[in-house]
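This report concerns only the one structure given below.
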Amino acid sequence: MNNVLILDFGSQYTQLIARRVRELNIFCEIFPFDKIPTDLSSYKAVILGGSPASVRSEEVLHPDLSEIRGKKPLLAVCYGAQYLAHFSGGEVAASNTREYGRANLSFIKDNEIFLEGVSENSQVWMSHSDSIKQLPTNGVRIASTKDVENAAYKIDGETTYAIQFHPEVYHSTDGKQMLENFLVKIAKVEQTFTPNAFVEEVIAEMKAKIGNDKVVLGLSGGVDSTVAAVILNKAIGSNLYCIFVNNGLLRKNEFQSVLDQYKGMGLNVKGVDASQRFYDALAGLDDPEAKRKAIGNAFIEVFDAEANLLTDVKFLGQGTIYPDVIESVSATGGPSATIKSHHNVGGLPDFMKLQIVEPLRMLFKDEVRRVGATLGIDPELLGRHPFPGPGLAIRILGDITPEKVAILQEVDAVFINGLKAHGLYDKVWQAGAILLPVNSVGVMGDERTYEKVVALRAVESTDGMTADWVHLPYEFLQKVSNDIINHVRGVNRVVYDISSKPPATIEWE
Ligand code: XMP
(Lines of atoms letter the chains of each structure in order from A; the text may use other names.)
(Lines give C-alpha, C1' and ligand atoms only; values in the text may rest on other atoms or scores of the structure.)
Protein backbone atom coordinates (compact mmCIF):
# COMPACT_ATOMS: atom_id res chain seq x y z
CA MET A 1 0.00 0.00 0.00
CA ASN A 2 1.02 3.53 -0.75
CA ASN A 3 -0.25 5.21 2.35
CA VAL A 4 0.78 8.12 4.57
CA LEU A 5 -0.10 8.31 8.26
CA ILE A 6 -0.96 11.71 9.73
CA LEU A 7 -1.06 11.96 13.51
CA ASP A 8 -3.52 14.51 14.86
CA PHE A 9 -2.66 16.49 17.98
CA GLY A 10 -5.76 18.68 17.80
CA SER A 11 -4.77 21.38 15.31
CA GLN A 12 -7.52 22.98 13.27
CA TYR A 13 -5.25 22.44 10.25
CA THR A 14 -4.81 18.65 10.44
CA GLN A 15 -7.51 17.96 7.84
CA LEU A 16 -5.91 20.56 5.60
CA ILE A 17 -2.60 18.64 5.69
CA ALA A 18 -4.51 15.55 4.56
CA ARG A 19 -6.13 17.45 1.72
CA ARG A 20 -2.79 18.81 0.50
CA VAL A 21 -1.33 15.30 0.55
CA ARG A 22 -4.32 14.00 -1.42
CA GLU A 23 -3.86 16.85 -3.93
CA LEU A 24 -0.47 15.28 -4.64
CA ASN A 25 -2.37 12.07 -5.57
CA ILE A 26 -1.11 10.38 -2.45
CA PHE A 27 -3.49 8.54 -0.14
CA CYS A 28 -3.31 9.35 3.58
CA GLU A 29 -5.19 8.67 6.78
CA ILE A 30 -5.55 10.70 9.97
CA PHE A 31 -5.30 9.01 13.36
CA PRO A 32 -5.36 10.57 16.84
CA PHE A 33 -1.86 10.73 18.37
CA ASP A 34 -2.89 8.22 21.04
CA LYS A 35 -4.24 5.67 18.60
CA ILE A 36 -1.20 4.99 16.42
CA PRO A 37 -1.96 1.84 14.40
CA THR A 38 -0.04 -1.15 15.73
CA ASP A 39 0.71 -2.39 12.21
CA LEU A 40 2.62 0.38 10.44
CA SER A 41 3.73 -1.75 7.50
CA SER A 42 1.38 -0.09 4.96
CA TYR A 43 2.58 3.44 5.77
CA LYS A 44 5.40 4.81 3.63
CA ALA A 45 5.72 8.02 5.64
CA VAL A 46 4.39 9.70 8.78
CA ILE A 47 3.43 13.35 9.40
CA LEU A 48 3.01 14.80 12.89
CA GLY A 49 0.49 17.64 12.92
CA GLY A 50 0.19 20.80 14.99
CA SER A 51 -1.63 21.47 18.24
CA PRO A 52 -2.84 24.39 20.33
CA ALA A 53 -1.13 22.67 23.29
CA SER A 54 2.40 23.14 24.64
CA VAL A 55 4.89 20.26 24.87
CA ARG A 56 5.96 21.73 28.20
CA SER A 57 2.62 21.48 29.92
CA GLU A 58 0.53 18.84 28.21
CA GLU A 59 2.19 15.56 29.18
CA VAL A 60 -0.86 13.82 27.82
CA LEU A 61 0.13 14.69 24.24
CA HIS A 62 3.42 12.73 24.38
CA PRO A 63 3.08 9.56 22.28
CA ASP A 64 5.92 7.09 22.00
CA LEU A 65 7.54 7.68 18.59
CA SER A 66 10.15 4.93 18.88
CA GLU A 67 8.47 2.74 16.23
CA ILE A 68 8.37 5.71 13.85
CA ARG A 69 11.39 8.00 14.27
CA GLY A 70 14.33 6.67 12.29
CA LYS A 71 12.25 3.76 10.99
CA LYS A 72 9.87 5.64 8.67
CA PRO A 73 10.34 8.91 6.79
CA LEU A 74 8.94 11.48 9.21
CA LEU A 75 7.83 15.09 8.78
CA ALA A 76 6.96 16.96 11.97
CA VAL A 77 4.91 20.16 11.67
CA CYS A 78 4.61 22.98 14.26
CA TYR A 79 3.73 21.28 17.58
CA GLY A 80 4.99 18.08 15.93
CA ALA A 81 8.38 19.72 15.33
CA GLN A 82 8.53 20.83 18.96
CA TYR A 83 7.47 17.45 20.26
CA LEU A 84 10.01 15.71 18.04
CA ALA A 85 12.73 17.95 19.53
CA HIS A 86 11.46 17.33 23.06
CA PHE A 87 11.23 13.57 22.45
CA SER A 88 14.71 13.37 20.93
CA GLY A 89 16.92 15.25 23.34
CA GLY A 90 16.28 18.87 22.32
CA GLU A 91 14.74 21.69 24.31
CA VAL A 92 11.54 23.67 23.90
CA ALA A 93 10.80 26.87 25.81
CA ALA A 94 8.20 29.62 25.79
CA SER A 95 8.77 32.30 23.15
CA ASN A 96 8.94 35.87 24.38
CA THR A 97 5.98 36.68 22.16
CA ARG A 98 3.45 34.50 20.41
CA GLU A 99 4.65 34.14 16.83
CA TYR A 100 1.66 34.41 14.57
CA GLY A 101 1.50 35.34 10.92
CA ARG A 102 3.73 35.62 7.90
CA ALA A 103 7.51 35.14 8.01
CA ASN A 104 10.21 34.59 5.40
CA LEU A 105 12.62 31.67 5.20
CA SER A 106 16.35 32.00 4.83
CA PHE A 107 18.25 28.85 4.02
CA ILE A 108 21.04 27.67 6.29
CA LYS A 109 21.98 24.61 4.31
CA ASP A 110 22.30 24.75 0.52
CA ASN A 111 21.36 21.87 -1.78
CA GLU A 112 18.89 20.59 0.74
CA ILE A 113 16.48 18.24 -1.02
CA PHE A 114 13.62 19.31 1.27
CA LEU A 115 13.95 22.88 -0.03
CA GLU A 116 14.32 22.12 -3.75
CA GLY A 117 12.15 24.44 -5.83
CA VAL A 118 11.53 26.69 -2.80
CA SER A 119 12.72 30.24 -3.23
CA GLU A 120 14.98 31.92 -0.68
CA ASN A 121 12.76 34.33 1.34
CA SER A 122 9.74 32.17 0.63
CA GLN A 123 6.77 33.21 2.75
CA VAL A 124 5.63 30.78 5.46
CA TRP A 125 2.84 30.91 8.05
CA MET A 126 3.74 30.73 11.74
CA SER A 127 1.34 30.07 14.60
CA HIS A 128 2.99 29.05 17.86
CA SER A 129 3.92 30.33 21.29
CA ASP A 130 6.80 27.95 22.15
CA SER A 131 10.16 27.80 20.40
CA ILE A 132 12.74 25.09 19.83
CA LYS A 133 15.71 26.46 21.77
CA GLN A 134 17.95 23.48 21.27
CA LEU A 135 17.79 20.99 18.40
CA PRO A 136 17.54 17.29 19.16
CA THR A 137 20.58 15.01 19.12
CA ASN A 138 22.05 14.99 15.56
CA GLY A 139 19.65 17.79 14.58
CA VAL A 140 20.81 20.03 11.72
CA ARG A 141 19.19 23.41 11.15
CA ILE A 142 18.19 23.89 7.50
CA ALA A 143 16.23 27.17 7.56
CA SER A 144 15.48 30.13 9.82
CA THR A 145 13.23 33.16 9.83
CA LYS A 146 13.90 36.56 11.40
CA ASP A 147 12.29 35.54 14.69
CA VAL A 148 12.58 31.77 14.59
CA GLU A 149 16.10 30.38 14.47
CA ASN A 150 15.05 26.73 14.15
CA ALA A 151 12.30 27.17 11.57
CA ALA A 152 13.27 23.92 9.82
CA TYR A 153 15.64 21.12 10.80
CA LYS A 154 16.44 17.54 9.98
CA ILE A 155 18.04 14.71 11.89
CA ASP A 156 21.33 13.62 10.38
CA GLY A 157 21.41 10.07 9.06
CA GLU A 158 17.61 9.75 9.03
CA THR A 159 14.78 10.78 6.74
CA THR A 160 13.38 12.88 9.58
CA TYR A 161 12.43 16.51 8.91
CA ALA A 162 10.70 19.11 11.07
CA ILE A 163 9.26 22.54 10.37
CA GLN A 164 7.94 25.11 12.80
CA PHE A 165 5.62 26.68 10.19
CA HIS A 166 2.45 25.30 8.59
CA PRO A 167 3.10 24.11 4.99
CA GLU A 168 -0.57 23.23 4.46
CA VAL A 169 -2.02 26.73 4.69
CA TYR A 170 -2.45 28.96 1.69
CA HIS A 171 -0.14 31.66 3.15
CA SER A 172 2.86 29.30 3.01
CA THR A 173 3.66 29.97 -0.62
CA ASP A 174 5.90 26.96 -1.22
CA GLY A 175 4.29 24.72 1.40
CA LYS A 176 2.95 22.26 -1.12
CA GLN A 177 6.36 22.05 -2.80
CA MET A 178 7.95 21.14 0.53
CA LEU A 179 5.30 18.48 1.19
CA GLU A 180 5.98 17.10 -2.28
CA ASN A 181 9.74 17.16 -1.71
CA PHE A 182 9.31 15.22 1.51
CA LEU A 183 6.76 12.70 0.29
CA VAL A 184 7.94 12.10 -3.27
CA LYS A 185 11.69 12.81 -3.27
CA ILE A 186 12.59 11.85 0.28
CA ALA A 187 10.01 9.23 1.30
CA LYS A 188 9.62 7.96 -2.30
CA VAL A 189 5.85 7.62 -2.01
CA GLU A 190 4.25 6.97 -5.38
CA GLN A 191 1.58 9.39 -6.63
CA THR A 192 -1.02 6.81 -7.57
CA PHE A 193 -4.15 8.01 -5.75
CA THR A 194 -6.26 9.39 -8.63
CA PRO A 195 -10.05 9.45 -9.02
CA ASN A 196 -9.81 6.71 -11.67
CA ALA A 197 -7.67 4.49 -9.48
CA PHE A 198 -10.03 5.09 -6.55
CA VAL A 199 -13.10 4.15 -8.62
CA GLU A 200 -11.50 0.92 -9.84
CA GLU A 201 -10.37 -0.03 -6.34
CA VAL A 202 -13.62 0.81 -4.56
CA ILE A 203 -15.76 -1.03 -7.10
CA ALA A 204 -13.64 -4.16 -6.65
CA GLU A 205 -13.82 -3.75 -2.87
CA MET A 206 -17.63 -3.35 -2.90
CA LYS A 207 -18.03 -6.37 -5.21
CA ALA A 208 -15.94 -8.50 -2.88
CA LYS A 209 -17.74 -7.32 0.24
CA ILE A 210 -21.33 -7.52 -1.05
CA GLY A 211 -21.16 -10.47 -3.44
CA ASN A 212 -24.66 -11.36 -4.64
CA ASP A 213 -26.45 -9.76 -1.70
CA LYS A 214 -28.82 -6.81 -1.81
CA VAL A 215 -28.17 -3.24 -0.66
CA VAL A 216 -30.75 -0.58 0.19
CA LEU A 217 -29.71 3.08 0.04
CA GLY A 218 -31.53 6.34 0.75
CA LEU A 219 -30.93 8.96 -1.94
CA SER A 220 -31.25 12.62 -0.96
CA GLY A 221 -30.59 14.39 -4.23
CA GLY A 222 -27.24 15.52 -2.82
CA VAL A 223 -23.76 14.83 -4.15
CA ASP A 224 -22.62 12.23 -1.60
CA SER A 225 -25.56 9.84 -1.73
CA THR A 226 -25.68 10.12 -5.52
CA VAL A 227 -21.98 9.30 -6.03
CA ALA A 228 -22.22 6.46 -3.49
CA ALA A 229 -25.21 5.04 -5.38
CA VAL A 230 -23.47 5.23 -8.76
CA ILE A 231 -20.43 3.41 -7.40
CA LEU A 232 -22.59 0.68 -5.84
CA ASN A 233 -24.61 0.43 -9.02
CA LYS A 234 -21.43 -0.20 -10.99
CA ALA A 235 -20.37 -2.81 -8.46
CA ILE A 236 -23.61 -4.77 -7.97
CA GLY A 237 -26.08 -3.51 -10.62
CA SER A 238 -29.73 -4.14 -9.93
CA ASN A 239 -29.05 -5.57 -6.47
CA LEU A 240 -28.86 -1.95 -5.35
CA TYR A 241 -32.29 -0.64 -4.31
CA CYS A 242 -32.46 3.13 -3.91
CA ILE A 243 -35.23 4.97 -2.10
CA PHE A 244 -35.80 8.69 -2.60
CA VAL A 245 -38.30 10.15 -0.13
CA ASN A 246 -40.21 13.35 -0.79
CA ASN A 247 -40.63 14.91 2.64
CA GLY A 248 -42.60 17.82 1.20
CA LEU A 249 -39.76 20.11 2.24
CA LEU A 250 -37.65 19.95 -0.91
CA ARG A 251 -37.09 22.78 -3.35
CA LYS A 252 -39.70 23.56 -6.02
CA ASN A 253 -40.09 20.63 -8.49
CA GLU A 254 -37.02 19.00 -6.97
CA PHE A 255 -38.58 15.61 -6.23
CA GLN A 256 -39.68 14.89 -9.77
CA SER A 257 -36.71 16.39 -11.56
CA VAL A 258 -34.12 14.63 -9.42
CA LEU A 259 -36.04 11.35 -9.62
CA ASP A 260 -36.09 11.63 -13.42
CA GLN A 261 -32.37 12.35 -13.38
CA TYR A 262 -31.69 9.28 -11.25
CA LYS A 263 -33.71 7.07 -13.53
CA GLY A 264 -31.85 8.51 -16.52
CA MET A 265 -28.62 7.44 -14.83
CA GLY A 266 -29.82 3.84 -14.75
CA LEU A 267 -30.32 3.69 -10.99
CA ASN A 268 -32.89 1.29 -9.59
CA VAL A 269 -34.76 3.96 -7.62
CA LYS A 270 -38.19 4.19 -6.05
CA GLY A 271 -39.64 7.63 -5.35
CA VAL A 272 -41.87 7.75 -2.29
CA ASP A 273 -44.03 10.82 -1.84
CA ALA A 274 -44.58 11.05 1.92
CA SER A 275 -45.16 14.83 2.07
CA GLN A 276 -48.44 14.62 3.96
CA ARG A 277 -46.96 12.34 6.58
CA PHE A 278 -44.22 14.90 7.26
CA TYR A 279 -46.70 17.81 7.38
CA ASP A 280 -48.81 15.84 9.86
CA ALA A 281 -45.75 15.14 12.01
CA LEU A 282 -44.81 18.82 11.95
CA ALA A 283 -48.26 20.27 12.62
CA GLY A 284 -48.18 22.81 15.44
CA LEU A 285 -44.44 22.44 16.14
CA ASP A 286 -42.43 25.65 16.21
CA ASP A 287 -39.30 24.71 18.16
CA PRO A 288 -36.38 24.08 15.75
CA GLU A 289 -35.13 20.98 17.52
CA ALA A 290 -38.64 19.54 17.87
CA LYS A 291 -39.08 20.08 14.11
CA ARG A 292 -35.79 18.36 13.32
CA LYS A 293 -36.70 15.44 15.55
CA ALA A 294 -40.16 15.04 14.03
CA ILE A 295 -38.66 15.04 10.52
CA GLY A 296 -35.94 12.57 11.51
CA ASN A 297 -38.46 10.20 13.06
CA ALA A 298 -40.86 10.44 10.12
CA PHE A 299 -37.99 9.69 7.74
CA ILE A 300 -36.98 6.61 9.71
CA GLU A 301 -40.57 5.32 9.69
CA VAL A 302 -41.02 5.87 5.96
CA PHE A 303 -37.63 4.43 5.06
CA ASP A 304 -38.11 1.44 7.34
CA ALA A 305 -41.49 0.64 5.84
CA GLU A 306 -40.06 0.85 2.31
CA ALA A 307 -36.96 -1.20 3.14
CA ASN A 308 -39.22 -3.87 4.67
CA LEU A 309 -40.98 -4.29 1.35
CA LEU A 310 -37.71 -5.66 -0.03
CA THR A 311 -36.71 -9.19 0.83
CA ASP A 312 -33.31 -10.55 1.82
CA VAL A 313 -31.54 -7.21 2.04
CA LYS A 314 -28.23 -7.55 3.85
CA PHE A 315 -26.58 -4.13 3.57
CA LEU A 316 -27.42 -0.47 4.07
CA GLY A 317 -25.49 1.82 1.70
CA GLN A 318 -24.52 5.27 2.99
CA GLY A 319 -22.85 8.34 1.51
CA THR A 320 -20.67 8.96 4.60
CA ILE A 321 -17.52 10.95 3.78
CA TYR A 322 -14.13 11.21 5.52
CA PRO A 323 -14.73 14.31 7.70
CA ASP A 324 -17.59 12.37 9.38
CA VAL A 325 -15.31 9.42 10.04
CA ILE A 326 -12.17 11.05 11.41
CA GLU A 327 -11.88 10.96 15.15
CA SER A 328 -10.78 14.43 16.10
CA VAL A 329 -8.69 15.35 19.09
CA SER A 330 -10.03 18.15 21.24
CA ALA A 331 -7.97 21.29 21.77
CA THR A 332 -7.53 20.52 25.46
CA GLY A 333 -5.69 17.34 24.60
CA GLY A 334 -8.35 14.85 25.61
CA PRO A 335 -9.14 12.65 22.63
CA SER A 336 -12.81 12.96 21.85
CA ALA A 337 -14.53 10.50 19.59
CA THR A 338 -16.84 12.30 17.21
CA ILE A 339 -18.02 9.15 15.47
CA LYS A 340 -21.67 8.61 16.19
CA SER A 341 -22.30 5.35 17.93
CA HIS A 342 -25.49 3.37 17.96
CA HIS A 343 -26.39 2.45 21.50
CA ASN A 344 -29.35 0.28 22.17
CA VAL A 345 -29.17 -1.74 18.96
CA GLY A 346 -32.33 -3.65 19.87
CA GLY A 347 -34.39 -0.46 19.65
CA LEU A 348 -33.23 0.47 16.18
CA PRO A 349 -35.46 0.26 13.12
CA ASP A 350 -34.89 -2.86 11.04
CA PHE A 351 -32.88 -1.17 8.28
CA MET A 352 -30.39 0.16 10.82
CA LYS A 353 -29.56 -3.38 11.89
CA LEU A 354 -28.19 -4.06 8.40
CA GLN A 355 -24.46 -4.14 7.76
CA ILE A 356 -23.19 -0.80 6.51
CA VAL A 357 -21.36 -0.16 3.25
CA GLU A 358 -19.84 3.29 2.76
CA PRO A 359 -17.93 3.56 -0.52
CA LEU A 360 -16.93 7.21 0.11
CA ARG A 361 -15.81 6.94 3.71
CA MET A 362 -12.18 7.76 2.84
CA LEU A 363 -12.89 10.80 0.63
CA PHE A 364 -13.11 14.53 1.25
CA LYS A 365 -15.97 16.46 -0.35
CA ASP A 366 -13.91 17.85 -3.24
CA GLU A 367 -12.65 14.32 -3.97
CA VAL A 368 -16.23 13.03 -4.05
CA ARG A 369 -16.97 15.63 -6.74
CA ARG A 370 -13.90 14.60 -8.76
CA VAL A 371 -14.82 10.93 -8.46
CA GLY A 372 -18.37 11.82 -9.52
CA ALA A 373 -16.99 13.57 -12.61
CA THR A 374 -14.88 10.49 -13.44
CA LEU A 375 -18.07 8.41 -13.21
CA GLY A 376 -19.74 10.70 -15.76
CA ILE A 377 -22.30 12.21 -13.37
CA ASP A 378 -23.90 15.43 -14.65
CA PRO A 379 -21.70 18.40 -13.57
CA GLU A 380 -24.84 20.30 -12.59
CA LEU A 381 -25.76 17.61 -10.08
CA LEU A 382 -22.19 17.50 -8.76
CA GLY A 383 -22.08 21.27 -8.37
CA ARG A 384 -25.30 21.51 -6.35
CA HIS A 385 -25.22 23.55 -3.19
CA PRO A 386 -25.47 21.62 0.09
CA PHE A 387 -29.06 21.38 1.31
CA PRO A 388 -30.02 20.39 4.85
CA GLY A 389 -31.83 17.12 5.54
CA PRO A 390 -34.79 18.88 7.23
CA GLY A 391 -35.04 20.99 4.08
CA LEU A 392 -37.20 24.08 3.99
CA ALA A 393 -38.58 23.28 7.46
CA ILE A 394 -35.57 24.98 9.07
CA ARG A 395 -35.94 27.95 6.71
CA ILE A 396 -39.55 28.58 7.73
CA LEU A 397 -39.29 30.10 11.17
CA GLY A 398 -42.02 28.81 13.44
CA ASP A 399 -44.62 26.24 12.53
CA ILE A 400 -44.85 24.59 9.12
CA THR A 401 -47.87 24.52 6.84
CA PRO A 402 -48.04 23.36 3.22
CA GLU A 403 -49.02 26.93 2.26
CA LYS A 404 -45.87 28.39 3.83
CA VAL A 405 -43.76 25.70 2.10
CA ALA A 406 -45.34 26.64 -1.24
CA ILE A 407 -44.52 30.35 -0.73
CA LEU A 408 -40.93 29.62 0.23
CA GLN A 409 -40.47 27.21 -2.69
CA GLU A 410 -41.45 30.03 -5.08
CA VAL A 411 -39.15 32.59 -3.43
CA ASP A 412 -36.26 30.12 -3.31
CA ALA A 413 -36.75 29.22 -6.99
CA VAL A 414 -36.62 32.90 -8.06
CA PHE A 415 -33.43 33.40 -6.02
CA ILE A 416 -31.64 30.22 -7.12
CA ASN A 417 -32.63 30.57 -10.78
CA GLY A 418 -31.49 34.19 -10.61
CA LEU A 419 -28.09 33.14 -9.27
CA LYS A 420 -27.77 30.64 -12.11
CA ALA A 421 -28.88 33.11 -14.78
CA HIS A 422 -26.33 35.67 -13.59
CA GLY A 423 -23.43 33.21 -13.40
CA LEU A 424 -23.30 33.53 -9.61
CA TYR A 425 -24.48 30.08 -8.52
CA ASP A 426 -21.07 28.40 -8.73
CA LYS A 427 -19.40 31.29 -6.92
CA VAL A 428 -21.56 30.70 -3.87
CA TRP A 429 -21.15 27.77 -1.48
CA GLN A 430 -24.75 27.70 -0.35
CA ALA A 431 -27.79 29.92 -0.87
CA GLY A 432 -31.45 29.92 0.01
CA ALA A 433 -34.37 31.93 1.29
CA ILE A 434 -35.93 32.11 4.73
CA LEU A 435 -39.59 32.80 5.45
CA LEU A 436 -39.86 35.02 8.52
CA PRO A 437 -42.76 34.89 10.97
CA VAL A 438 -43.24 38.60 10.42
CA ASN A 439 -45.78 40.58 8.42
CA SER A 440 -44.95 44.07 7.29
CA VAL A 441 -46.94 46.89 5.75
CA GLY A 442 -46.48 47.61 2.06
CA VAL A 443 -48.26 49.32 -0.77
CA MET A 444 -49.13 47.77 -4.11
CA GLY A 445 -50.96 49.91 -6.63
CA ASP A 446 -53.20 52.00 -4.42
CA GLU A 447 -53.70 49.31 -1.86
CA ARG A 448 -52.13 48.78 1.50
CA THR A 449 -50.71 45.27 1.96
CA TYR A 450 -49.76 43.42 5.13
CA GLU A 451 -47.72 40.42 4.05
CA LYS A 452 -44.74 38.20 4.73
CA VAL A 453 -41.06 39.17 4.87
CA VAL A 454 -38.41 36.87 3.37
CA ALA A 455 -34.68 36.93 3.94
CA LEU A 456 -32.13 35.85 1.34
CA ARG A 457 -28.90 34.17 2.46
CA ALA A 458 -25.81 33.38 0.37
CA VAL A 459 -22.53 32.29 1.93
CA GLU A 460 -18.98 31.40 0.99
CA SER A 461 -17.44 28.51 2.89
CA THR A 462 -15.31 25.42 2.41
CA ASP A 463 -16.85 23.04 4.90
CA GLY A 464 -19.80 24.82 6.50
CA MET A 465 -17.91 25.20 9.80
CA THR A 466 -17.25 28.88 9.15
CA ALA A 467 -18.86 31.04 6.48
CA ASP A 468 -18.85 34.59 5.16
CA TRP A 469 -21.86 36.28 3.64
CA VAL A 470 -21.41 36.87 -0.06
CA HIS A 471 -21.26 40.41 -1.39
CA LEU A 472 -23.77 39.83 -4.17
CA PRO A 473 -23.99 42.75 -6.62
CA TYR A 474 -26.61 45.38 -5.64
CA GLU A 475 -28.12 45.26 -9.14
CA PHE A 476 -28.65 41.52 -8.77
CA LEU A 477 -30.22 41.88 -5.32
CA GLN A 478 -32.47 44.62 -6.65
CA LYS A 479 -33.67 42.46 -9.54
CA VAL A 480 -34.26 39.39 -7.38
CA SER A 481 -36.13 41.46 -4.80
CA ASN A 482 -38.40 42.89 -7.53
CA ASP A 483 -38.98 39.50 -9.09
CA ILE A 484 -39.90 37.95 -5.75
CA ILE A 485 -42.33 40.70 -4.76
CA ASN A 486 -43.91 40.81 -8.22
CA HIS A 487 -44.24 37.05 -8.67
CA VAL A 488 -44.77 35.50 -5.26
CA ARG A 489 -48.14 36.20 -3.73
CA GLY A 490 -48.04 36.81 0.00
CA VAL A 491 -44.58 38.43 0.12
CA ASN A 492 -44.10 42.21 0.09
CA ARG A 493 -40.61 42.67 1.55
CA VAL A 494 -37.16 41.12 0.94
CA VAL A 495 -34.10 41.55 3.17
CA TYR A 496 -30.54 40.25 2.72
CA ASP A 497 -28.69 38.50 5.56
CA ILE A 498 -25.25 40.08 6.08
CA SER A 499 -24.09 38.01 9.04
CA SER A 500 -21.15 35.61 8.98
CA LYS A 501 -20.61 32.35 10.84
CA PRO A 502 -19.63 32.60 13.61
CA PRO A 503 -21.43 34.18 15.38
CA ALA A 504 -24.48 33.52 13.18
CA THR A 505 -25.09 30.08 11.64
CA ILE A 506 -25.82 29.41 7.97
CA GLU A 507 -29.37 28.22 8.62
CA TRP A 508 -31.67 30.40 10.73
CA GLU A 509 -32.96 27.50 12.80
P1 XMP B 1 -25.32 25.82 10.24
O2 XMP B 1 -26.72 26.35 10.19
O3 XMP B 1 -25.09 24.95 11.45
O4 XMP B 1 -25.18 24.86 8.98
O5 XMP B 1 -24.29 26.89 10.12
C6 XMP B 1 -23.97 24.28 8.55
C7 XMP B 1 -24.28 23.37 7.38
O8 XMP B 1 -25.07 22.27 7.84
C9 XMP B 1 -26.34 22.26 7.20
N10 XMP B 1 -27.33 21.90 8.21
C11 XMP B 1 -27.92 20.70 8.29
N12 XMP B 1 -27.80 19.60 7.51
N13 XMP B 1 -29.38 18.48 8.87
C14 XMP B 1 -28.56 18.51 7.80
O15 XMP B 1 -28.49 17.49 7.07
C16 XMP B 1 -29.56 19.54 9.70
O17 XMP B 1 -30.32 19.49 10.67
C18 XMP B 1 -28.78 20.71 9.38
N19 XMP B 1 -28.67 21.93 9.97
C20 XMP B 1 -27.78 22.64 9.23
C21 XMP B 1 -26.53 23.65 6.64
O22 XMP B 1 -27.39 23.66 5.52
C23 XMP B 1 -25.11 24.04 6.28
O24 XMP B 1 -24.72 23.47 5.04
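Every residue gets a Cβ built from N, Cα and C, even glycine.
Since the structure is predicted, the reported quantities are computational estimates derived from the model, not experimental observations.
DSSP assigns CYS78 (active site, nucleophile) to coil, not to a helix or a strand. Among the features that TrEMBL reports, active site, nucleophile is placed at CYS78.
Under DSSP, HIS166 (active site) is assigned to coil, being neither helix nor strand in the three-state scheme. If you draw a 10 Å sphere around the CB of HIS166 (active site), it holds 23 other CB atoms from the protein chains shown. For HIS166 (among others), the entry in TrEMBL reads active site.
Taken from TrEMBL, the feature active site covers GLU168 (among others).
What TrEMBL lists as ATP binding site is SER220, GLY221, GLY222, VAL223, ASP224, SER225, THR226. Taking a C-beta cut-off of under 8 angstroms and a sequence separation of 6 or more, SER225 (ATP binding site) has the following same-chain neighbours: LEU217, GLY218, LEU219, GLN318, GLY319.
TrEMBL lists 193-384 with the feature domain 'GMPS ATP-PPase'.
The average pLDDT computed over the domain 'GMPS ATP-PPase' (193-384) stands at 90.
Ranking the active-site residues CYS78, HIS166, GLU168 by Cα distance from THR226 (ATP binding site) puts GLU168 first. When the recorded positions CYS78, SER220, GLY221, VAL223 are compared by Cα distance to HIS166 (active site), the shortest distance belongs to CYS78.
Taking a C-beta cut-off of under 8 angstroms and a sequence separation of 6 or more, VAL223 (ATP binding site) has the following same-chain neighbours: LYS365, VAL368, ARG369, GLY372, LEU381, LEU382, ARG384. The two recorded residues, CYS78 (active site, nucleophile) and GLU168 (active site), have Cα atoms 11 Å apart. Taking Cβ-Cβ distances under 8 Å and a sequence gap of 6 or more within the same chain, the neighbours of ASP224 (ATP binding site) are GLY319, THR320, ILE321, LEU360, LYS365, VAL368. Of all the binding-site residues listed (GLY221, GLY222), GLY222 has the fewest other CB atoms within 10 A of its CB.
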